[in-house]
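In what follows, a single structure is set out as structure tokens and then discussed.
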Amino acid sequence: MAPARAHHLLACLLASALLAAATPVTGGGLMTDQLEVLFGQTQLLNDSNGDQTIALTLDRVMGSAFKSKTSYLFARIDMDIKLVADDSAGTVTTIYLISEKDWNTHDEIDLEFLGNVTGQPYTLHTNIFANGEGGREVQYRLWFDPTQDFHTYSVIWNPDEILILVDNMPIRQFKNHLDSGVPFPIYQPMRLFGCLWDADDWATEGGRIKTDWSQAPFVAYFRNYTADGCVPSSYAWVCGQGPASSSDWFDRGLDDVKQQQQLREAQDKYMIYNYCNDPKRFPDGYPKECGLQ
């Protein structure tokens, strides 16, 4: 992660302290029952059904952010997001899971949506940190307009693998190869954060295109947050006790033929960068996991 990106993510993270244990949550209803607004000009929109949408805003003064009210050691996280419309160049909308203790050994799972000029597709930038070691960037061009309607973005994190899904279609799989010496986030609980921030020093075409502040305020919308995971109890971590809980996420793999095909399709059609295919970055050989996935 570049220093500027780390700075912005740390700003979102350090706006809060570690909260006490909570129970798993389900989607719908008030987002503020499940998420805590951290800073910025955040709007809470309520519809006639009593459901709530969080609108994060970004202007020249500051961005905005929220966090989950509980942390998890393994979970399935789902969030519906409608991204910044029109000219979003320079902006980054992100949801990410991150541990909250020592930064030098932190774990993190990133989904960052890189804004672009009007009419150009969004880039979904993903990254995975384990024991402070990151640099596992994989990027995709979204194959739909994510500003016209809500789409569901999901993370499944269990002891065997991390899956990232878009509208329930797997696009990235990162397997646990601790037995081969590859770090994997398995010991530290993580909390969900959402943030909208200015990153025009790198986000769009490597920073060539800057944020057009005449378009501000920029707004991204979040709703239907669901989290099913392992939460702390008195003496241990308790898994799969939520009202809508299913053990599928905890022990699942891509055994389903359809989802295996979907993963290959996402990699073949929509992936635009994979650190495991970047010889300029790794002239002396790729990271160990690249030959194991």
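Each Cβ is built from the backbone N, Cα and C atoms, and glycine gets one as well.
The active site, nucleophile feature in TrEMBL is assigned to GLU108. Marked as active site, proton donor by TrEMBL: GLU112. If you look up TrEMBL, you'll see 25-222 marked as domain 'GH16'. Here TrEMBL flags ASN116 as N-linked glycosylation site. The signal peptide annotation in TrEMBL covers 1-22.
Sequence-distant neighbours of ASN116 (N-linked glycosylation site) (same chain, 6+ apart, CB under 8 A from its CB) are SER88, ALA89, TYR122, THR123, THR204, ILE209. Cβ neighbour count for the residue listed as 'active site, nucleophile': 22 (other Cβ atoms within 10 Å of its Cβ, all protein chains included).
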